[in-house]
Structure formats: C-alpha cells, structure tokens
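Engineer: Quick one: the structure is below, and I'll ask about it shortly.
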C-alpha cells in the first residue's frame, strides 16, 4: 500500500473519530453562554449551604427566595459516583445532586458538577471505570437542562497530584464516552486553582474538548490572571468556579470585608466581559470537619446584615441572571441540545452535500434540497473554524474566512449529519 494511501486512511479515520466524538463538546464551542454583559449567578457547594430544600432550610435560598440562583454546585467522584443519586458527606457538608432535581424550588436552575478524579486517572485511561462514566453521562442526559462539568477541577493544584499527560487523556476519554452516549446538554469547564502557574497548558486537553475555562478565587493576589489571559487567547468564556473570601464574616468589620474582597471581585467581573459566571461558596467552613482549623472561616452572606444588604443590592443589578422561566432562552440552550426523542436517530452520511465555489464563495446545499438546521466547518485537528446555526437551504461562505485547508463541512438535518471533505 502506498504511503499516500496510508496517510489518507489514517487521516480519514481521525476525522471519523472527531465527527463521532464531538456530540457533547460541540468542538469546544461556547455552549450556554449568556449575552454580552450578562452574568450567571451560581451558589454552592453543599445542600446546607444552598438550602431551599425540605431537608435543608437554613441556607442561601431560604434568605434570598426572590433570587434563587441560576445554578447550584454539587460534587461527585470516580469511581462510584458518590453524592450523585444518594446523599453523601465527606466532612464538608451533605452532597446529593439528585435532590435539587426533585425539588420544585430549583426547576429553573442548572447545575455545575465538580468531578473528583484524584488517584483514578490511570483507571480511567485503562477503561476500568467506564461503566461509572456511562452512568454519569446518562444521568446528565436525563436531566434535560444545562449541566456544567468541571472535570478534575483545580487540575494544577499540588494537593490533587494530577499527572498532566494522564489528566489530558482521562479528560478526552470521559468526553468520548459522553459523546458515545449522545449527551448534548453538557458543557465542559477546565478549571485551574487560580494560582497563576506558568505551565497550565501542560494540562490542557485541547480547544475542541473545552467549552469554558474556570478558576478558583479565594484570598490570593490577582487570582485567575493566567486563566483570564489564556481564555482571551483561546476565545473561551470564563467561569469563576469557586469563590469565597476565606474569612469569618461574622467576626471583624464587615465593611472592610466588603471593600477588600467582594467589591474588587464584582468589579473584576463587570469589567471583564469574558467572565460569564460566578459560583460563590456560601458555607460555614469552620463547622465542617474537612475544613476546620484551616482558616476558611464562614462565608455565609445571609448571616451578616451589612453583607446581606450589600449582596442583595449587587445581585439585583441588571447583569445578573438568576433562576427564571426564561433562563434556558437566556443561554441559548435549544441551540446546543439534541431533543431527547431524537438523540438515537442521528447518523453520518458522507458526500450528501453539494458544494460549489463561485467567485470566492462556497455555496453549500444538499442533494435533496432540504432545509439544513446548521452548518459547521472544521479542520483536520477537529477545530471549528466556521459555524452557522441558522436554518437554511443554502449557505454562502466567503472562502477567505476559511484559513485552513483541506476542511470538513458538516450540515445537520433533523439530527443527521451530512459531511464532505474538500480542498479548494
């Protein structure tokens, strides 16, 4: 077999993998991002901290019932998915992700899940925990609302000990299983510790596998700058995925706490358009065994009248998105999600597209002249270089916008993907 034919077969195989393997990540597109200037408010990180449940009635939601957060945070782990379908407590508060979906208070809220992977990267890469990953994938799919998945959160934290190569491979392995299970209501969040290490790229699985970037914001100086810079470079939306002032708000001067920590945080969010979400940890840390004695304090904003009043005034401002009947529209949910009744109907159909080049314009139609739901174009590395999700019978694309060649053109009709490879 000639070398050129071998190379063609290898490349073709790679492309087929990418076409099948990006149902969930949408080639790293900015999924579930609000309009410019808008910010998603998320509260966590355990049942007691969030409140608003029949079993937990002294949390954030119980004090801010008119501002139920747009999202809540929860946690689970591989293997065994602790805290997903049943209640668990690791000394850091009760965790039970399913509980939020069983309570009408949170009918208009999405979820942000931290997926703990410490000590299990090798097992993930060897397929040992595939069944658990499939279970998680189908749990997410069944929710039919946005789920932000923070795979191996704080990947660069020394306390996690994630080997960069193993981490990247495990990330891709998880995404590919979600792809195989046709999960489309997930967005993948690549979250650093916020400590501005210079080598964060070592853990980066690739643009096509990451929808959002994120970082933790505690009491360090200029936390998250490396992620903000990298997000700008890679054109990714940013989530402040864990934020807490690391003080006891009930002891000391609340005005100083607000001026020194809360005010700069909100200013950073308002002046950085790329920051699209804030996940605040509203917890009495010192009362929890895991954190007691480590100086985390008590960050519950509802417990200090001055802080509570300032907080409520802040989140009432126009940028903030909280729970509402319209929340799915505000983040363009339907643009990204395959309806659950059609998720198993999709298939790939090669060379069903009709491509003409006329005076520097690619004209894209299909053999049956049907309305196409969307069209996107990616290069041989799986990177999306063009996307149009407005239905049309014919798409006209200027070739000077397509800086990579050869390219793969994919159009979707009723859940089916039509594709072709061209050079021009």
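Glycine residues also receive a Cβ, built from the backbone N, Cα and C atoms like all the rest.
Those TrEMBL annotations? Automatic predictions, nothing curated.
Per TrEMBL, the feature active site, proton donor maps to 154. Positions annotated as active site, nucleophile by TrEMBL: 242. Look at TrEMBL and you will find 24-305 tagged as domain 'GH26'. The annotation signal peptide is assigned in TrEMBL to 1-21.
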Engineer: Which is it, of 154, 242: the one of these active-site residues whose Cβ has the most other Cβ atoms within 10 Å?
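Structural biologist: It comes out as 242.
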Engineer: On the three-state reduction of DSSP, what should I expect for residue 154 (active site, proton donor)?
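Structural biologist: In the DSSP reduction, residue 154 (active site, proton donor) maps to coil.
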Engineer: About how far apart, in whole Å, are the alpha carbons (Cα) of the residue listed as 'active site, proton donor' and residue 242 (active site, nucleophile)?
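Structural biologist: A Cα-Cα distance of 10 Å.
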